[in-house]
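According to Swiss-Prot, the protein has these features:
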DOMAIN    4-153  domain 'ADF-H'
MOD_RES   2  N-acetylalanine
MOD_RES   3  phosphoserine
MOD_RES   6  phosphothreonine
MOTIF     30-34  motif 'Nuclear localization signal'
């Protein structure tokens, strides 16, 4: 069921910037987004980038010790969100980086919010071409342990996420 919600151009720009890893200067790399949240506009007609709800690559090791834990803390406890998380992980064979699309729909969110976010999910997913991993999360217990994301990324072959062993 489509909700008629549209995706703001800035959301698509953020996605494309996160997806394309062109060779960049050190300054450009620091400005790359590691994680970003998207929400519905106040009038519930557009999916927009949520202001100040992001982690930049340059923040890691500076103001952000562990990007995964910091990302989980950005999620609102009582409302839904969409998120992109640029996961850096290691398998038994190699290091990898993949974008993960996350639909955050906690049990404590209002029913109306869960319904409009669920019915608008396809609109944003269609704009995020090439995403390999999608994850619907219904509460902190599902997301606070990084090993759950490790399983989504590659099951038992994933040995670490963001430099931390699983």
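Yeah, the Cβs are placed from backbone N, Cα and C, and that goes for glycine too.
Other C-beta atoms found within 10 angstroms of the C-beta of residue 6 (phosphothreonine) number 15, with every protein chain shown included. Mapped onto three states, the DSSP output places the residue listed as 'phosphoserine' in coil. Under DSSP, the residues of the motif 'Nuclear localization signal' (30-34) split into helix, strand and coil as follows: 2 helix, 2 strand, 1 coil.
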